[in-house]
Amino acid sequence: MSFDSLGLSPDILRAVAEQGYREPTPIQQQAIPAVLEGRDLMASAQTGTGKTAGFTLPLLQHLITRQPHAKGRRPVRALILTPTRELAAQIGENVRDYSKYLNIRSLVVFGGVSINPQMMKLRGGVDVLVATPGRLLDLEHQNAVKLDQVEILVLDEADRMLDMGFIHDIRRVLTKLPAKRQNLLFSATFSDDIKALAEKLLHNPLEIEVARRNTASDQVTQHVHFVDKKRKRELLSHMIGKGNWQQVLVFTRTKHGANHLAEQLNKDGIRSAAIHGNKSQGARTRALADFKSGDIRVLVATDIAARGLDIEELPHVVNYELPNVPEDYVHRIGRTGRAAATGEALSLVCVDEHKLLRDIEKLLKKEIPRIAIPGYEPDPSIKAEPIQNGRQQRGGGGRGQGGGRGQQQPRRGEGGAKSASAKPAEKPSRRLGDAKPAGEQQRRRRPRKPAAAQ
């Protein structure tokens, strides 16, 4: 199947071709025709499958096919909600790329930056608005944007929005929208909470599930190495050096842990940088660009800071510390093995993390293969201890960070960001992926009135 057969306009096809894409991915093959038919959609696809284009392309086709109901200033006709600033920036870049030859205006709004420039741009009229919920509600509260003409609503990474406690924000946004609209819900998994949200939001939706529920891509080779906690960094440096790994994304649980590990790896002679919410937008953007260009070999990240990162053909992901939430393991290793590429995911597991590993394997319904490098075997006399600061509080992309007015207070700055300038060379005939990488900016949270439960 080619993009030509999906009912997209020549101008959209031209833009897609200029990105070097020829063959739609499975999620695109199923989602694009359904959206063009006007169906509500409940789609589950892991990151890297091209899901962003799965809703962006038919959304643009819808807008150029139908004239807006309102006269005068362009109303917001398509609203895309995302949990983080970073993901919003990436989707916004996709929209701009694919609407290059269309008379379509788009805008990305999120917290962590001044609201005034966003208000000024909204005054000129916008067809497609990509937003984090908190900043969107700020703008609506200040009468900077009206949502009563929205024809298509997209909730992207809905599972993450629920995880981050943004359900009340979503409900408040829904009250601002017209009752008659098309709804598209995209999620990495079909959890029970997601299904409950879908029952209230969607009307007779088409369900698409490209990957099995809560499973890792078969293109990712997974391994576990048991090692004492105090020797993890030594083992990681050994494996990077011996294997001559040139591009490694490493996950830690905390921002402090990310900083400390990056410092230690640099002392080992391995060029590294940390990326998390306390880093300025400039620092995040530089680190990501340096990682993509090969100036640094290791990028150490927290879960939410790395959410939505798309680094082409990333060969190695390392869980320096296992996540407390098993589903986050799937999201982490989904950074590699994207589209048609293969990748390797390695987990360094100390005695404190054995239960976390069992939970992950229970979710995956299989045992992850073990490997052992001589000299790094764990000391059997060491007893397990409680994990300190184990469950990271979550943040996101609203006003200054999380976008959330919900019941959960995110940690400062674990949101997403603006788009990075660096972009790798495109290959001529690959499949259409999700998005391009982005950076992040942090600012102080402003006091705000509490939101009423919906």
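Backbone N, Cα and C atoms are what each Cβ position is placed from, and that goes for glycine too.
Database features, via Swiss-Prot:
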BINDING   Ala45, Gln46, Thr47, Gly48, Thr49, Gly50, Lys51, Thr52  ATP binding site
COMPBIAS  393-406  compositional bias 'Gly residues'
COMPBIAS  424-434  compositional bias 'Basic and acidic residues'
COMPBIAS  443-454  compositional bias 'Basic residues'
DOMAIN    32-208  domain 'Helicase ATP-binding'
DOMAIN    219-381  domain 'Helicase C-terminal'
REGION    373-454  region 'Disordered'
MOTIF     1-29  motif 'Q motif'
MOTIF     156-159  motif 'DEAD box'
Cβ packing number for Lys51 (ATP binding site), 10 Å threshold: 27
Beyond the flanks of the motif 'DEAD box' (156-159) by 6 or more, those residues with Cβ under 8 Å of it: 51-52, 55, 80-84, 87, 91, 185-189, 191, 193-194, 197, 307-308, 327
Of Thr49, Thr52 (the binding-site residues), the residue whose Cβ has the fewest other Cβ atoms within 10 Å: Thr49
Around the Cβ of Gly50 (ATP binding site), the count of other Cβ atoms that are within 10 Å: 25
Ala45 (ATP binding site): tally of other CB atoms within 10 A of its CB: 24
Assigned conformation of Gly50 (ATP binding site) - DSSP reduced to three states: coil
Local confidence of the prediction over the motif 'DEAD box' (156-159), expressed as mean pLDDT: 89
Counts of helix, strand and coil residues, the motif 'DEAD box' (156-159), according to DSSP: 2 helix, 0 strand, 2 coil
